[in-house]
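**Student:** Can you keep this structure in mind? I'll have questions shortly.
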Ligand SMILES: [Fe+2]
């Protein structure tokens, strides 16, 4: 049987015909690969990590603005942000979504717990180091450190996170009221 290469020719032999490599990640797989690359290079993030028992700690590792293309909206690049977060035992987010952004969470160290879905039936996932989760816009979840050791996670938002609406607490734990539609840095600071 003839192979595709025998029938159509080897495209790798004609590099000038290949589409140019994108300057930035644009697909979920690209962003997952970016997160794995960062995770595999602890020198790039471990020295930056701080733990704060009084307030959630976060650090923006990278922000790449979008480049709209009004003539070809389908070719617009929407930009992204890369955040480094730490979690001491007991810290959590409260239930929230990510506005119009997709999110990709990668646990770099320790263990986190994700709860998603309505009411008592909310699914519970234990996220260990190396675990990746992808969230579509509108996805509601809550992340907590229910373990006994601190944790560190990497979060990529594409497009960059501009709004992180908080949702009413859906479990018995007492949470301070948080106003909706706070920009993410404020929301993170107040979500401890
Ligand atoms: Fe989230």
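Start at 1 and count along the chain as shown; that gives each residue its number.
Each Cβ is built from the backbone N, Cα and C atoms, and glycine gets one as well.
The annotation Fe cation binding site is assigned in TrEMBL to 96, 98, 141.
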**Student:** Name the residues of the same chain, 6+ apart in sequence, whose Cβ is under 8 Å from the Cβ of residue 141 (Fe cation binding site)?
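**Tutor:** Within the chain, residue 141 (Fe cation binding site) has Cβ neighbours under 8 Å at 95, 96, 97, 114, 115, 116, 135.
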**Student:** Kindly assign residue 98 (Fe cation binding site) to one of the three DSSP-derived states: helix, strand or coil.
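**Tutor:** In three-state terms, residue 98 (Fe cation binding site) counts as coil.
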**Student:** Output, ordered by sequence, the same-chain residues six or more apart from residue 98 (Fe cation binding site) with a CB under 8 Å from its CB, or 'none'.
**Tutor:** 135, 137, 139, 157, 161, 164
**Student:** For the recorded Fe cation site, whose residues are 96, 98, 141, find every other residue on that chain with a C-beta no more than 8 angstroms from the centre of their C-beta atoms, and list them by sequence position.
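**Tutor:** Not counting the recorded site residues, we get 93, 95, 97, 103, 135, 139, 140, 142, 164.
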